[in-house]
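First up is the structure itself, then whatever we jot down about it.
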């Protein structure tokens, strides 16, 4: 009787390629797995079990070395059983009737427990799934990760070599006193805005005046202000586009929409910018080409002090380390925009109802889709980031007022910046 090579012990499951057909070691039929310590088909598995339970004694009618195949395996039970034993099948692996019953009961119990767990596990409702899908689509439509539009801004000018090559950690120090900010605050009081803002709801966002580049180059300490002013104006337009697609946002009055957009714009821009923020040594915002890699020194050249930049970098690092899913990121932006506690909101109840739907969706998503340990206290950490943004918004407002009240810097700003930040609500 011809023998085929077969293992008599349980192999490592990783040794088998799922795409390679497995062959029964007894008859050569397609094997379904390891049964009683050998690779066999269902037919030979059942034959061996029945034979062992009955303690059957078979006699070969021929010379005791019949070749067993799929077609003739029923012809000689003696040689078939001998073949089963030769390839390593063991009766010790056969369960008794009681053991079989216990195993069935355990399997049934496990299935019932899994079904109960599944029924108790939070699931996204159809409405919540629609909210997430809508926000993802809105974000993809309003955030270009190729940053191709940046070439349309006034060009970045980095002509201050003494700061340009300084590493981030030499600029951001725990002992920073913030003198530049305090000195600015000395002469930038909370006097009313001198510029009359245009109508926000009717403004053509694509028509913004640009200043003469020759004037920009004369003020090296503000060399990056024209470029970053255009960048922020561009980002505001994108935030507006995103907000309009938030489910429920268009149900608000135009007045409340404007209030929410004006008060949250810079916060959402800071949230959006986390996508391009890198945790390298220089901790920069990388937006495509080297020309659009923004470091701390670039922000200082736009007139901002470390009183804003230090907490901004800390915020960006903390947010990046949360490793948010894109779904969580867009929900956080929407929650940030639709905040009922913004000063000037008229229908706070409706705004709160919209925000509650978004918040509930975020919490359910985290429980359903964000595996531990990253999900631990994640919602609370995200809400804390919104509180951090309020502080950043307040500091940005102070520093923006300093810029807007100085003729040499205000002339670098855009009409949209004056409209959104020039008539500060918060």
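Placement of Cβ uses the backbone N, Cα and C atoms for every residue, glycine included.
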Checklist entry - Can you pick which of 376, 396 Swiss-Prot lists for the same calcitriol site as 143, 235, 272, 276, 304? => result 396
Checklist entry - Looking at 97-126, 307-336, 337-366, which one is region 'Hinge' according to Swiss-Prot? => result 97-126
Item to check | Residue among binding-site residues 60, 66, 76, 79 with least C-beta crowding, 10 angstrom cut-off | outcome: 60
Item to check | the zinc finger (60-84) - residue tally per DSSP class, helix then strand then coil | outcome: 8 helix, 0 strand, 17 coil
